[in-house]
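> Relevant sequence annotations retrieved from Swiss-Prot are reproduced here:
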- S103: active site, phosphoserine intermediate (ACT_SITE)
- S103, D243, D245, D247: Mg(2+) binding site (BINDING)
- S103: phosphoserine (MOD_RES)
Amino acid sequence: MLKYFGTDGVRGVANQGLTPEMAFKLGRDGGYVLTKNKKDGEQAKVLVSRDTRISGQMLEYALISGLLSVGIEVLEVGVITTPGLSYLVRAQGADAGVQISASHNPVEDNGIKFFGSDGLKLSDEMEEEIEKLIDAKGDNLPRPSAEGLGTVTDFHEGSAKYLQFIENTIPEDLDGIKVVIDGANGASSALISRLFADCGVDFTTIYTHPNGLNINDHCGATHTENLQKEVVKQGAQLGLAFDGDADRCIAVDENGNEVDGDHIMYVIGSYLAEHGRLKKDTIVTTVMSNLGFTKALEKEGLKNVRTQVGDRYVSEEMRAHGYNLGGEQSGHVIMSDYHNTGDGMLTGLHLMLVMKKTGKSLSELLKDFKDYPQGLVNVPVKDKKSWKEHQPILDVIAEVEKDMNGNGRVLVRPSGTQDLLRVMAEGPTQEETDAYVDRIVKVVEKEMGK
């Protein structure tokens, strides 16, 4: 198990867990690992960007210093979305990219996320190689001087290139649909108006005035309450909410109901399939997707492949088997015909495109999708990793699954950050689902509860 890297890079409380010293080490060691195979005489090129957090520049300057110290040329993009950076790495032929962001997390947190030359997140093996250098007793990496040092070049024009790329994926103006857009006071805030205006959208924005401290503050993809109210108040047909780095999109229908990533993928996937454009008639999701998603797809003659939690694993599955649509319930949606990572603004525009092409409201497009009631209990345990070694727990899960008779599912998994075992079930009614969860929780508490 990795020490510093989680499912989405290195994260922590800025200036405490994630310090400038750590950012320098990540720049130096990460930069070396990502560019060490360059031929002699070729200077490596790395793009660096950030979201709108007050700690972003502090960490950015430290990280860039680390990159420069191993002779890397840095293109400083400024504030841009994470998918924007991913696109620019590929478009500019860079060796790597680094985004400084903690996505949907609160302002006190920040993170450092690396991308390879393909614009994709790093493999576990590469992250492990970086961690070994961070923890090494000495520093034996190159220390060039004079002309061997790296330089920094301003590349703020990258934003315009990225917006043009997204606009080019939309074949016609998206007029006729009134939309309210929540920018989470994050990285998309300065981009939304430029992009959606160029796509002919009738829109208003909320939470697009970042001040360094208000990112994700009761707004964005994880707090849609105010967007839901605003959609109804304005009589809009749609609401779109992005998170701090805009790799997620959560929607709101014309009635003010939240529409998560499962529902967005169902709408886009069904439309693509109807037009023969959904590869292998399959959508890739994680184990967290609601059983109702799979059932709705089955009615359409479509399939659902599931991976472990994390959009990187969805992306890996899509590339390995040639699928072109996947994502997470949380709003990461990957449309690989256009982009190789989740992109909130791209997703929102393509959801609008389906609405315009079909002439249907979002609630109409979702009328055949019925979520299964879900029950979830977090059980404090002594050793979360050992739960599969307890036969009584495995037995009760098997018994519950047998009783469900294909009309429900169980998911038991350890928390990634706390000493908890998450026990989740879905079933035909809330009462039955809660009873299933309770049966399993009682055995877990008896076997390994604190």
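Cβ coordinates come from backbone N, Cα and C, glycine included.
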> What other residues of this chain sit with their CB within 8 A of the center of the CB atoms of S103, D243, D245, D247, the recorded Mg(2+) site?
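So the additional residues around the site are D51, T81, T82, S101, H104, G186, A187, A221, F242, G244, A246, R248, G344.
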> Given D245 (Mg(2+) binding site) and S103 (active site, phosphoserine intermediate), what distance in Å do their CA atoms have, once rounded to a whole number?
5
> Hey, what's the Cβ neighbour count for D243 (Mg(2+) binding site) at 10 Å?
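Other Cβ atoms within 10 Å of D243 (Mg(2+) binding site): 34.
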> For D245 (Mg(2+) binding site), just count the other CB atoms lying within 10 A of its CB, please.
35
> Identify, among the recorded positions S103, D247, the residue whose Cβ has the fewest other Cβ atoms within 10 Å in this structure.
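Per-residue Cβ counts within 10 Å for the recorded positions S103, D247 bottom out at S103.
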> Would you kindly give the Cα-Cα distance separating S103 (active site, phosphoserine intermediate) and D247 (Mg(2+) binding site), rounded to the nearest Å?
8
> Express the distance between the Cα positions of D243 (Mg(2+) binding site) and the residue listed as 'active site, phosphoserine intermediate' as a whole number of Å.
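Cα-Cα, rounded: 6 Å.
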